[in-house]
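Undergrad: Below you will find the structure I want to go over with you.
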Amino acid sequence: MARKSVLLPVPEPSWFTPKWLLVIFCVINLLTYVDRGVIASNGVNGSLGTYTLSGTCTSGSGIQGEFNLTNFEDGVMSSAFLVGLLVTSPIFASLAKSVNPFRLIGVGSSVCTLAMIGCGFSFNFWSITICRMLVGVGEASFISLAAPFIDDNAPVGQKAAWLAIFYMCMPVGYALGCVYGGLAGTHLNWRFAFWVEAIVMLPFAILGFIMKPSQLKGFAPAESKKALISIDTAVPEVEDTEALNVKVSARSMEEESSHVFSKMQCASINLSQFSRFIEDIEVLLVDKVYVVNLLGYCAYNFVLGAYSYWWPKAVYNIYNTSDADMISGGMTIISGILGTLAGGYVLDCMTSTVSNAFKLLSVTTFVGAIFCFTAFCFKSMYAFLALFSIGELLILATQGPANYIFLHCVKPSLRPLSMAISTISIHIFGDAPSSPLVGFLQDRINNWRETALILTSILFPTAGIWFIGIFLHSVDRFNEGKEGEVTEVDISNTTPLLEPKVAETRNSSPDQP
């Protein structure tokens, strides 16, 4: 009796390396946040017309001036994209188990591109608000998938740094959007800012449809399932080929019959999948480490969301400077790059653990809050810029560590859902209500300095929440298999996901290994 190895080819890997994967995700993330910076800039967002008792009138500008929006309505419009993001995030995360994730990103980016074009053609508050809702679908399609892909393919000692690079694109993209929106709104028209965004986003929407599949850790690739042929009986060597052909034919007949049966099953709702989805959510919500990190991140994003939308207008009104877009954009670019990268780098140097991530989060948030709060107390714009730039750098250093916890406190198969739930939560309880609420507060007290101080004070309890996480029992579950077992997917992921692989099945005798 003899043993014969049969090599079955697995689909060729994607043409890009892990670094190219990081670059693509970073650019898409950057463009998403450029859009947020654009709509927040004074050049695009504009202001209402003013009327003085002496009879002097000035016309409004930008979106707020053209559609005659109150600050509350302006804040609602800024948060409208979250409707699309929150509704579709769990859908995309669930579909990632059965559909190529890059195709999902292509679909979401296409919807986002069309919505950006619609923003440019909007004619009133509701038309632009609906378009902003659809813009959120683009972020939803990749925000819960990008981080797990990056975490899978990053070098072992640089995972926090790679995540920090990805999340660095958020503040940097927002800052670039402020600068770009200010220039476009001043020299052209606010509508052109959205049309140019759509043109730049279009190639990445197309790229999502043409990229070859790559697989997430914890999920079995569909192609490998089709290629896998089990040959577990021993036959004489001269009959190997004939026996293999018979088994392949039998397998084909079985697949045809199962295909017909699966079509019949699709006619009814798959209750088992829905039940498993609910169970996965329960697993996340009873995890103390996950919940504490989520609470801190929600409070953090409440402040950051309001900062990102109202800061250019607040600086403009408090310090009477017409260069608010350039100042806020320039500061955020520098602080975003240095702060976010520093947060990931420091965590790697401390040894990337969940406990160390909580330590870094609590310290940087508390010290950063002190600098930002003190900055708004100064009447001198130069003192404000010096102190706030330091505070902003420290606050933005939290992006990498916070998302490292979301990815490593759950088992691999739950990471897309972990990111989707965190994304939904930080928007529902964070930046979605913060912009309208801050606008409502400003409408009542009519003092941007007091509004900014009240908002900034929320960072202190945020640091306290993350401080609690230091004392919780935490386990890094990055390499944990499903239900504690070592699965086929776990074995396949001992090598980088983007390297070529070959599946081997063997035909052996009982007495020969």
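Any Cβ shown, glycine's included, is placed from N, Cα and C.
Predicted automatically and left uncurated, TrEMBL annotations should be read as such.
Pasting the relevant annotations from TrEMBL:
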| type | residues | note |
| --- | --- | --- |
| TRANSMEM | 20-39 | transmembrane segment |
| DOMAIN | 21-476 | domain 'Major facilitator superfamily (MFS) profile' |
| TRANSMEM | 76-95 | transmembrane segment |
| TRANSMEM | 102-126 | transmembrane segment |
| TRANSMEM | 132-150 | transmembrane segment |
| TRANSMEM | 162-186 | transmembrane segment |
| TRANSMEM | 192-211 | transmembrane segment |
| TRANSMEM | 290-311 | transmembrane segment |
| TRANSMEM | 326-346 | transmembrane segment |
| TRANSMEM | 358-376 | transmembrane segment |
| TRANSMEM | 382-407 | transmembrane segment |
| TRANSMEM | 414-432 | transmembrane segment |
| TRANSMEM | 452-472 | transmembrane segment |
Undergrad: Examine the transmembrane segment (162-186) against the transmembrane segment (102-126) and state whether at least 3 Cβ pairs sit under 8 A, considering only residue pairs 6 or more apart.
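TA: Between the transmembrane segment (162-186) and the transmembrane segment (102-126), contact is absent.
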Undergrad: State the residues, same chain only, that lie 6 or more residues beyond the ends of the transmembrane segment (20-39) and have a CB under 8 A from a CB inside it; answer 'none' if no residue qualifies.
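TA: Distant Cβ neighbours of the transmembrane segment (20-39) are 14, 45, 63, 77-78, 81, 105, 109, 112, 116, 132, 135, 138-139, 142-143, 146, 149-150, 153-154, 162, 165-167, 169-181, 184, 193-194, 197, 200-201, 204, 207, 214, 308-309, 329, 498.
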Undergrad: Other than its close neighbours in sequence, what residues sit by the transmembrane segment (76-95), given a CB gap under 8 Å and a spacing of at least six beyond its ends?
TA: 36, 39-40, 63, 69, 104, 108, 125, 128-130, 132-137, 139-141, 143-145, 277, 305, 309, 416-417, 419-421, 423-424, 427-428, 431-433, 435-436
Undergrad: Other than its close neighbours in sequence, what residues sit by the transmembrane segment (452-472), given a CB gap under 8 Å and a spacing of at least six beyond its ends?
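TA: Same-chain contacts beyond the ends: 288-289, 292-293, 295-296, 299-300, 302-303, 306-307, 314, 318, 354-355, 358-359, 361-363, 365-366, 368-369, 372-373, 376-377, 395, 405, 434, 438, 441.
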Undergrad: What stretch, picked from 102-126, 290-311, 326-346, 382-407, 414-432, has the most CB pairs under 8 A with the transmembrane segment (192-211)?
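TA: When the Cβ pairs under 8 Å are tallied, 102-126 comes out ahead.
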